[in-house]
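Asks: Handing you a structure now.
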Amino acid sequence: MSGSNKTDFTNPSSFILLSIPGLDVAHIWISIFFCTMYAIAVLGNFIILFIVKTEASFHGPMYYFLCMLAITDLLLSTATVPKMLSNFWFNSREIDFSACLTQMYFIHCFSMMESGILVAMAFDRYVAICDPLRHSTILTNSVVSKIGLAVVMRGIMLVLPYPFLVSRWPYCRTNIIPHTHCEHMAVVKLACGDTHVSRYYSIFMIFCVKGLDMIFITVSYTQILRAIFSLPTKDAQLKTLGTCSSHLCSILAFYIPLRFSSLTHRFALNVPLHFHVLIANVYLLVPPMLNPIIYGVRTKQIRGRVLLRLFTHKGM
């Protein structure tokens, strides 16, 4: 009897996204909050791109990496928010199997790219502070382009096994995903076959790939801090440290929720499901929203240029 009642999802045509289980009554307010965050992210990142493109003085390595970060943030948030909002507002919970795999791929691909860009920005700060006289000769436009291409190719290639492996597993439990989007481990948990390869590869990506990124960033900032504290005056130390503050805030905004979300999903810590889903969405929405604000507020040149354009526009 039990076998006859089991639905065969070996080749599911679609999945059902439950959004945030347990918080159904708050979905409309959560959707407004997420929509506001997305609108701020889109507006802020487009402003960053526009300012850097139109100001010749910003055509340098730091701002090129900032543009890469802005583009990645736009793509990362856009890969999830539109479908999430259609779920909240129009109860459009069904997602095609191939569309789910595509969304999964892009989410993790853009996340991997963002991690790589943060490493590249740490390297830029290291050269600018520890070897300032050679900064322009080391980080030429050609080198910046090659770094950007390497970051993109790394994200594209390393994430390819995610949808490839997931598409091969049989699904005999259910096609309901208790999440707002097709998160990799949330889909893997629905499979009834041996998913150890997917799980091990996911752990490899978190600890070896993004873990190495964090190690590179830590080593860079260890050298940066040594150089800063060797400066003769406290004012010089604070001024130099201030050039890194925006990047440090971006690192914290990205890696803290990423680590928490990844560890709770893989090691089943005693965290309520709705809280885990919220944290997963924070990881996808907060960095894209905060990064343009952080760089707009903390970077004097960008802040001044934005204000100048606002006042010039009003004067016209």
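Cβ coordinates come from backbone N, Cα and C, glycine included.
Small disclaimer: the values here were computed from a predicted structure and weren't measured.
As listed in TrEMBL for this protein:
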TRANSMEM  28-51  transmembrane segment
DOMAIN    44-295  domain 'G-protein coupled receptors family 1 profile'
TRANSMEM  63-85  transmembrane segment
TRANSMEM  105-123  transmembrane segment
TRANSMEM  143-165  transmembrane segment
TRANSMEM  200-219  transmembrane segment
TRANSMEM  240-258  transmembrane segment
TRANSMEM  278-297  transmembrane segment
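Show me how these features fit into the shown structure, please.
Replies: Within its own chain, the transmembrane segment (28-51) is flanked in space by residues 20, 58, 66-67, 70-71, 73-74, 77-78, 81, 84-85, 88-89, 281, 285-286, 288-289, 291-293, 295-296, 302, 305-306, 309, which lie at least six positions past its ends and keep a Cβ under 8 Å from the stretch.
Model confidence over the domain 'G-protein coupled receptors family 1 profile' (44-295) stands at 89, taken as the mean pLDDT rounded to a whole number.
Long-range contacts of the transmembrane segment (105-123) within the same chain: residues 62, 65-66, 68-69, 72-73, 75-76, 79-80, 147-148, 150-152, 154-156, 158-160, 162-163, 181-184, 205, 209-210, 213, 216-217, 220-221, 247, 250-251, 254, 258, 284, 287, each at least 6 residues beyond the stretch ends and with a Cβ under 8 Å from a Cβ of the stretch.
Long-range Cβ contacts of the transmembrane segment (278-297) within its own chain (Cβ-Cβ under 8 Å, at least 6 residues beyond either end) map to 20, 34, 37-38, 40-41, 44-45, 47-48, 66, 69-70, 73-74, 76-77, 80-81, 84, 107, 111, 114, 179-181, 183, 246, 249-250, 253-254, 257-258, 260-261, 264-265, 303, 306.
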Asks: Please report, as numbers and ranges, the same-chain residues at least 6 past the borders of the transmembrane segment (63-85) whose CB is under 8 Å from any CB of it.
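Replies: For the transmembrane segment (63-85), the nonlocal Cβ contacts are 17, 19, 31, 34-35, 38, 41-42, 45-46, 48-49, 52-53, 92, 95, 103, 106-107, 110-111, 113-114, 117-118, 120-121, 124, 141, 144, 148, 151, 180-181, 250, 281, 284-285, 287-289, 291-292, 295.
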